[in-house]
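**Student:** Can you read through this structure? Questions will come right after.
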Amino acid sequence: MTTVRKRLENGFEVLALGLYRFRWLSVATIIALAAVLSSGVAKLELDTSNEAFLHKDDPTLERYSAFKEQFGRDDLIILSVRPDILFSHPTLAKLKALHEDLSENVPHLNDITSMINARSTHGEGDVLVVEDLLRSLPRTPEELSELKTRVLSNPLYINSLVDSSGSITTMIIELDAYSFPDEENALAGFDDKEGGLKSNELLSADQTLLAVNTVKDIVSQHQAADFQIETAGMGMVVEELKGALKYDMSLFLRLAVLSIGICLFLIFRRITGVILPLFIVALALLSTLGLMGHMGVPLTIPSVILPSFLLAVGVGAAVHVLTMFYRYLDRGHLHRDAIRDALGHSGLAIVMTSLTTAVGLSSFAGAELAPVAHLGIFASFGVLLSLLYTIILLPALLAIIPIKSRNAKEDAGEALFERLLDAVADFSTRHARVATVVTLLIVVVSV
């Protein structure tokens with residue numbers, strides 16, 4: 001076993017010498033690979049819909065798609081309008097203007113329902129009369145009173161178009177289930193042989209976002225103190241959730257970089273000790289996200305933790321190599337020898353650590369929930385990329401960057417940190433039984 005380990009360590013030393021010799025070629029190759037993978041970031045999408053939790057070939061998703069094809073979308077956009085006086089001519093005129101503005105300008109609009117176009121069904125003798133609720137805007141107090149009575153006496157309108165008190169009204173907006181590129185191609189969706197509509201692409205996330213943003217813009221234009229409009233519905237919730245997730249992901253990614261950077265500086269007290277590990281994991285992160293974009297796999301609610309996770313997990317391998325490199329360099333080793341000895345010492349350990357981590361994460365690949373499966377696949381891929389960049393790119397960068405050794409006085413901070421760790425190790429070995437019992441008690445209490 002010792003012989004096998006020694007051979008592997010010697011292999012890493014030979015690799016380090018090769019990387020030192022062909023450092024520029026090594027850097028160029030890895031950067032080119034990372035550039036190709038990272039180019040997919042522009043294609044990466046954020047999907048917060050319920051469908052994102054299911055695999056594309058999931059029978060449940062197929063049945064849901066068939067449902068939407070037959071009955072339309074169920075993620076409606078709902079506007080709640082609270083005027084000073086609902087049944088008044090100025091309010092009804094504003095309501096009509098809002099309705100017409102939405103009808104004319106919202107893209108991919110399938111239907112909009114409000115008091116303006118609501119159907120009124122009633123009987124006159126033996127005749128069933130179906131007509132528009134508002135054939136024309138009422139102007140006289142009598143006409144307004146009659147309209148209010150008709151609306152509030154119809155149970156189909158209560159808590160649907162208006163509230164029971166008659167002070168709030170709603171507009172229900174339904175988007176197309178499928179995307180038609182343009183009006184000229186709309187007729188191309190009909191199949192003469194089958195007499196039905198051909199299968200089209202579902203309305204994309206970008207198209208839905210465009211419709212939602214258009215609704216928001218129109219609402220802001222019609223918003224007034226005496227005509228207050230609130231937005232709701234699954235369509236709005238999904239897009240608002242996307243914005244919140246983007247903000248949270250950006251915030252926590254910056255916090256992760258900041259906290260990791262501070263820790264690296266406290267450990268190494270060198271600029272290269274901060275920049276190089278962060279550069280390695282950032283490159284691995286961009287490559288992983290780019291691969292997701294190339295493969296058409298979106299970021300979802302569970303997988304938004306992937307960037308912060310890869311930063312936290314991937315930085316460890318680079319820290320191992322840099323720790324030994326600085327140590328050998330400060331002991332007087334030549335630059336080339338310090339790189340060789342560092343990779344020879346830490347190479348096997350970081351490979352085994354990264355492989356076991358990647359294998360453990362890949363166990364999620366068979367999960368029934370698509371986001372969990374994708375997280376397992378791409379998190380393990382990101383860990384392996386971080387390993388590749390650490391053992392290939394990091395030694396090559398160390399060979400290019402001129403790094404000076406430090407004397408004992410300059411290394412006082414690192415020595416203090418090492419003394420602290422030595423003290424912890426001494427305590428745990430001298431009081432092994434106490435440490436074991438306390439740990440077991442903590443585990444038992446936690447369970």
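A Cβ is built for glycine as well, from the same backbone N, Cα and C atoms used for every other residue.
Annotations for this protein, taken from TrEMBL, read as follows:
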- 278-400: domain 'SSD' (DOMAIN)
- 21-42: transmembrane segment (TRANSMEM)
- 251-268: transmembrane segment (TRANSMEM)
- 275-292: transmembrane segment (TRANSMEM)
- 304-326: transmembrane segment (TRANSMEM)
- 347-365: transmembrane segment (TRANSMEM)
- 377-401: transmembrane segment (TRANSMEM)
**Student:** Is the transmembrane segment (304-326) packed against any residues at least 6 beyond its ends, judged by a Cβ distance under 8 Å, and which are they?
**Tutor:** 46, 245, 248-249, 252-253, 256-257, 260, 264, 267-268, 270, 272-273, 276-278, 280-282, 284-285, 288-289, 338-339, 341-343, 345-347, 349-350, 353-354, 357, 375, 378-379, 382-383, 386-387, 390-391, 394-395, 398, 414
**Student:** Looking at the stretches 251-268, 275-292, 347-365, which one shares the most CB pairs under 8 Å with the transmembrane segment (377-401)?
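**Tutor:** Answer is 347-365, with the largest number of Cβ pairs below 8 Å.
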**Student:** List the helix, strand and coil residue totals of the domain 'SSD' (278-400) as derived from DSSP.
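**Tutor:** Counts, helix then strand then coil: 109 helix, 1 strand, 13 coil.
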**Student:** Could you give the residue numbers and ranges of same-chain residues that sit at least 6 residues beyond the transmembrane segment (251-268) on either side and whose C-beta is under 8 angstroms from one of its C-beta atoms?
**Tutor:** 274, 277-278, 307-308, 311-312, 315, 319, 322-323, 326, 413-414, 417
